[in-house]
């Protein structure tokens, strides 16, 4: 019984099975509604019959003007109070009505005043056995009377009572003959003295049990006088909202639901006995809607019509389906057309005694035949009939042997076959046999309809019936880990966990049948082998993973033990349990550990916990300004003080001070408003709307708008003296109550319920079907301007739209699986969230389908498991929720900028977001914490709304004063007040699960001026924070032009070189347009390097087609020539023994090679054929990782490990290309490498592989930027304004690209070891310097710098003059001195490592322990006479002069003019810049702190970085493994320069 499944045909085993729960504590409205316990006696009438507010103390009714007897209504109010609250000395009514007309003293002497002060009675009525006072006080403390018993201990009964017959007990007179036995001997119901009536008098009702009689007026009054409640049974009174009860009285529907063509009752009784010709209103199809046979369902509708309505020439179905396929003329001549025009039969079948037409018209009007009877009036039967045996009546042949007696003598069922033949079906009742083909044909041939029972045929949308066949769910809902059927049958017998990363059957077989459910649906513990329970042989055996209940009669899963629900009938599965309830950060756990409540509900004066623990141990609540607080905590009106009547329970309202020291006494305080006498002397009080100040005399106005919670006004509030005024936002009207506002036009609720899109009028309750889908619809949104609804089709993996006005549909986006969509009605875009790809994307709104290559990725970084997306176009903001390992709510601009985390605390599973535009608060629904929360836009002031009616909230919306949510477990869409949770009601309840909801109203999408209208972007425009600006974005493979508006393609000649250990791969960047996200190389050309052992670095001089290639295995740098036949070795530029080149860069003007090696970590320069090498910078570096050159400006920069004190720290340094004027630029990187100049040479880029970011900065140290690349970042290159970089994840190398504004995009990935990547084009190496012509006149090395050039001699050479060099003669140094490395001179030993450079090759300062290198423009690391100015230096090195225009641009960085003073050229800087070369800015956008950044932001742990770099070099040297993935060989070379 009461197991949720009816075993009895009449369902009697499932009647009266109500069990109270937290969420369903009280049933009312003829059991058609069940409300939670917290709604009882809350002052709000939730039940139509008001039963939830009966028997309560102080009850506030908001909409009803009458109180249920015996309650009394306060005057001028809807407040109802009980009889006991009248004249109880406490002011319960606002105006004190309950304490008026109370008797202080009886008017007649000798009368008795009832204790409740409401009545005086004659003294003779006291203790007469009948209560004359309302409170019965006249029968309290009455003297006893002796009972007529024996002398031994006679029993005495009180007045009003009588002795039972056995003399052992007393019974009240009112309990005698009341139909209930009160005396043990039953004498109170026997007629031993007065006799009890067995029949009630006229006008009385006798209880079903016993003889008790009550007045008929007490029947059906809502209170049971009979103990068996028989006076309150069968009291149903139809109302408009509850007109018809059905489904065993478990449901009551309104009158408008009757005969509306839609089956609202599961038993279909609301559509029985209806006029079939009655015009039916349009109805909405519901899931698994079927018609009771033999009715037929109209096509595309839930309207059911009878068989007689088919082909009756009347259009009964909306689309005329019932008049289709009707026969006008039989196809074959001589055939008989049935009257219903549905069938033609052969003429020989007419009047053969068997009905072949559906309507039986072939057997109507048939000629009769004479029955073989006596001559006296023989009975004649129609053709198709036969005579009964008694000859008195006829019976149709079809009724013979049908299992039902039709002849009075029963002869039609005699001599019949008891068993049906093969291929026949026997009706359950009687012996009738029918052809099995007639079973389940929609027409009942058996009278008991047994041939049409159990005919369910599963379909995709209706695959499984459950809940006593009242619900049918689609196939996709089976075994999905979510219980959709109340009986749980959709999750029984499942094989695997759906929607989970846990695959029990493949990877973790040990978890199956281990006694713990690891699947959400417990499927891993179903069908396990049994084990014998340690009980007698007859005991129950439990499956593995189950345990026996204490009574030994049933088994329960281990996972169901101590889960908070009783599964064993003896309750043993919930005994001796440790309570493990977990509440959120903003929740408070009740002491019982079975309930969580909002933390703000703790000690708020209202009992929210079932065990009332939230109000235990709380401080006494303070009374309002207009009330006096008793010593015991109660609040009473000041007028009740010192009135000689005790009103406080502890009597603290009366005292000695009332008479000795009151407001009439001398020395009364000079009160600002009113004085009141108290037991403690006179006190000042203030009128309503004022507060007494600390001095106890003066009153100050109360700001109700900011100090009262919940808010007194629903929109805006204006404080006035002693009061306030409420006002409404634009578009709203103030309600008559003066507090709340309403809209001028009706708002509509857009809801996706299972696979339907419905629109519900919030005021009119009108419901219409907008569209349907084959699969569930989880997310929706709308565009009010174009009157379109957008929704996600899981079946087609697309975002579709439907016109609200015309119902036209279309597809906007294809090939997407979205968790959430949102319409930007200002920028005219649609955003969606792709949880699988962890991206937020956008497209333009329109009617045509957008191609996938035109999708814009707005955000794709650090999105773990995004769930819900919310747009605030009126502010240019975008919010989204994460439900992964770190649940949080984040926000950014709608262009992806200014990203920040809004909330991380108090979240568990935030599944939906909404915004309250009136209060600027973000609302979310938390499915696991079963609550709705809200927070300010900046993440402050968190509030929770928690109702027992939201066990599984899915979607939330806020509009005006109300919050709306869908609940997939309750299968309802509900609404309540957004602040208090009051006025909760169910808006929509359908058989399917509700998912996404939206409120449609023009005030939700107000007209706002869009900055996109002015921009006119060529592709898409995204709003920026604040709505004052917007940005243009381009699709994958396109670049944003310099105008910031137009998207264009890359230059066709731009190509990428990928270096692997044994090959160079060329890929043109224009192939990006052919596709991104590739799992292979795009169209490419591979040049093998058979003579190279381990390639480690490269650079290219484009014009000369010289490729410089470093070989880590050989310690060499080779020069290769590009030609039509491929790569041809030319010469070896460097050959370092037992060393490895770590960094290289070519000066494409002079073809000099700048390099650094593992054993020689400082910078060196070598001529193009390797003839001459000179040291460039001797800084005591620990290791140089990359070098960048910009020959037109004569500058170089490098990344290296420098030494500060005793620590090795990474740094970015810059200098002139002749080695002078070195300065520290940046020291905040973790591991910088892949250094690059921008085309103009003003900005420097590098890859920080330790932090996974790409950094850039201006050469003056200002305008630092950072772009998040990838944790596996390895190398970086630059093409125009496009960043390209490689990342390594395990053995997979991925190539990414971005313009620095849009999120990164994957170009392709390969299983290839990519050592380096560089980008070149025909235009990438343009410009000249002072070395461009004839090597600047230098005989060996010409080194450029801003404004000129320096001539330098290689090792072993000395300058002859300013241009030429000659070899050093052999040199013998005296004792106490040493020769420079180039042999140029001898120096005393004291000159070495003295922080001063004396050797021309700087060798006197190499490998010195300089604990603190000098920083600055002209520090001690370079000769004192050298700086960035390019002036003539000692030792006869000539400096070429530039013309004035070139000097301004190069020497003064474009920020000043060159002037000559005393024969020297210096810079005169413009306003805002200073420094020797105007390189340092003073404005807000420019920083002058590049030299101090490195000192102030030292980053620890770079010693480890140094080890890693060295390890990479060593590994490169000893690595002999050849990349196995280079399979493309013998490919014709494309010449990129032809």
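Quick reminder: no glycine exception, Cβ is built from N, Cα and C everywhere.
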Please find, within the list 1472-1490, 1491-1509, the residue stretch that TrEMBL describes as transmembrane segment. 1491-1509
So residue 127 (disulfide bond), by the Cβ count within 10 Å over all chains shown, scores 18
Neighbouring CB atoms within 10 angstroms of the CB of residue 1469 (disulfide bond), all protein chains considered, total 21
State the residues, same chain only, that lie 6 or more residues beyond the ends of the repeat 'LDL-receptor class B' (876-919) and have a CB under 8 A from a CB inside it; answer 'none' if no residue qualifies. 584-587, 714-715, 729, 820, 824, 827, 831, 833, 840, 858-859, 863-870, 925-929, 933-935, 937-939, 942, 944, 953-958, 960, 978, 1004, 1022-1028, 1030-1031, 1033, 1302-1303
By DSSP, what is the split of the repeat 'LDL-receptor class B' (876-919) into helix, strand and coil residues? 0 helix, 23 strand, 21 coil
Between 41, 87, 562, 618, 635, which of the disulfide-bonded residues has the fewest other CB atoms within 10 angstroms in the structure shown? 618
Where residue 41 (disulfide bond) and residue 87 (disulfide bond) are concerned, what is their Cα separation in Å, rounded? 22
Confidence over the domain 'EGF-like' (1443-1479), expressed as mean pLDDT on the 0 to 100 scale, is 59
Closest of the disulfide-bonded residues to residue 56 (disulfide bond), Cα to Cα, picking from 127, 311, 623, 635, 1393? 635
About how far apart, in whole Å, are the alpha carbons (Cα) of residue 102 (disulfide bond) and residue 623 (disulfide bond)? 25
Can you give me the Cα-Cα distance between residue 635 (disulfide bond) and residue 311 (disulfide bond) in Å, rounded to a whole number? 77
Where the distance is taken from Cα to Cα, which of the disulfide-bonded residues 235, 366, 577, 623, 1469 turns out closest to residue 127 (disulfide bond)? 235
Number of other Cβ atoms within 10 Å of the Cβ of residue 142 (disulfide bond) across all protein chains: 15
Rounded distance in angstrom between the Cα atoms of residue 623 (disulfide bond) and residue 1393 (disulfide bond): 85
